[in-house]
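One structure is given here, and the rest of the page talks about it.
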Amino acid sequence: MGTLLLYLLAQAFFIADFNLISSAETRLARESVHYLIDQLQPLGLIEAQKMQTYLGQSYWLGIHTYLIWLMLPASLFLTASLTHKDKIILVYSLICLASFNIIAVYLSTNFVNFGGKVWGIFDIGIKKPLGVFGLSNHYGVYLCFFLPFITIQIINFIQKKKLSLIIAHCALLIFFIYGTLISGSRGAFLICAIAFTASLLLYKNKKFNTKSIKYTLVSFFIILFAALTPSAIDRELNKRGIESETRLKLYMKAPEILLDYPQGLGPGAYYHTAASYITKEHHSNRMANHSENTYLQIILEYGIGFSIILVILVLFLTKVAVRNYNNTSSSSRIKTASLVAVICFLIHGLYDNPIEVPVYSYTIVIFFGLLLCKAPKYQIGIDNPNKKYFSLTAYILPVLAIFSTLDFYKMFDNSYRFKHMYSYHKKANLNELILNLQYQAHSWHNWYFLSKSLRQFNRKETNLLVEYCLKQAAFNHPNQSDLWLRLAWARKQNNDLEPASKSYRRYFLLTRQNQRKKIKKEALNFISEEEYERLLHMELPMQERTREYIRRI
């Protein structure tokens, strides 16, 4: 019961991202966008449009993740409640679903261009989806989850001398290996080999039948992959032309981002807000989601509190799953296949974590559920009220998910739109920049590019709006010194001398102390020489790091 409460507590971190409870930050972001539109329309610089903030990527991913997490406990309980026969049927049903994915990938690779749509139906904004997956390594590792069960079934049928079933399962095994190969993911190939090896070693092998040896094997596979992953990722990143320096800069900036957004950026905002801390104006603000970036993304989007709860839940479920594996009352086929699938998940989790893909997350939760039950069937004892209360989740959470979905659709009405990513390589007109801003008002990139676009008009009205856009950019990236310098010059141009002095003061304090003497001549344009001497060796005070203080600059 305590685990369920902890799980539901983790859900609370999503609420603020849906605008069901509008936070002060969200309201300010909306008001700033609406104010800018209200000022630009009378000047004839943009087309007439409704003043609204579209529910774009961040909101969609937040709702998407919320619904997945809401249904996971119910899936866990229902899986554990099945009889042995029904569990076998469930695994074969999952294998059928995985087979449809392989067929879809084969068709899209060789015959049909689905045009960025999953199975030709659902648009996910990806140029070449692999079944229901957007990335090849996610798809390849997903298929590896089923290889242990198929392998163990072949061994079982060989022992029972059932020739027809042996042939059928061998064909199925070849089919899944082919599906893994066409993914083209080297990580998936290695996990595929580990799945085979672990299945053969752990299933009815007397030499490896003791607890200590089994635990040692599990640890060995995970540690081996952890050791091989960094070098493989470096080779892949070099091949793709992604500099490791860029990733290192993001890790160094992470404390600053967490300081600016202590409760997290919200689902989906990692690409358009966090990455903009390390990119320059001539670069795209999209950051590769790979390797350890995955966990950095979780921390930055959902905050430290959610991340801690997530780690506790995964560790607890893994501990219970491994402990229950040693119980002999459950089927050895299901236990071994599920354990190896969990091992594959943990190995993949060392460098990636596509839990946002429903078919991936529910598949691994089902394998966890098969291990969480100590007996062939989960029994609710009348002397154990906690189990009785937990069983209610199988009924309450799906109903809550249905009502939540209906409420979201009602809230969206016709205002929901989706734009996968923005490119800043092209010169966008003001209408396109405003649209980008409506999708992601917290990204300083959007405000900064608007200020650059407005500056070319060189009119009094637009100069004031340039200052406004730079202020919003600096507020959404308060540790970027260059933004405060640009804001100071914009204010000085508009004869706002006192605000210009405040902006430059922050820029000066964000500059390294060994660089401050070099900019003395520039500094005296904004602050007195006495103020310059006072600030020369001063650290940025903690009270000036708060959002409230920065808003007043």
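In case you wondered, yes, glycine gets a Cβ from its N, Cα and C as well.
Annotated in TrEMBL:
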TRANSMEM  59-82  transmembrane segment
TRANSMEM  89-109  transmembrane segment
TRANSMEM  139-158  transmembrane segment
TRANSMEM  163-181  transmembrane segment
DOMAIN    172-304  domain 'O-antigen ligase-related'
TRANSMEM  187-203  transmembrane segment
TRANSMEM  215-233  transmembrane segment
TRANSMEM  302-322  transmembrane segment
TRANSMEM  334-351  transmembrane segment
TRANSMEM  357-377  transmembrane segment
TRANSMEM  389-409  transmembrane segment
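Highest Cβ pair count under 8 Å relative to the transmembrane segment (187-203), across stretches 89-109, 139-158, 163-181, 302-322, 334-351: 139-158. Within the same chain, the transmembrane segment (334-351) packs against the transmembrane segment (139-158): three or more Cβ pairs sit under 8 Å, each pair at least 6 residues apart. Beyond the transmembrane segment (163-181), the same-chain residues lying 6 or more positions past its ends with a Cβ under 8 Å from any Cβ of the stretch are 95, 98-99, 101-102, 105-106, 140, 143-144, 146-147, 150-151, 153-154, 157, 188-189, 192.
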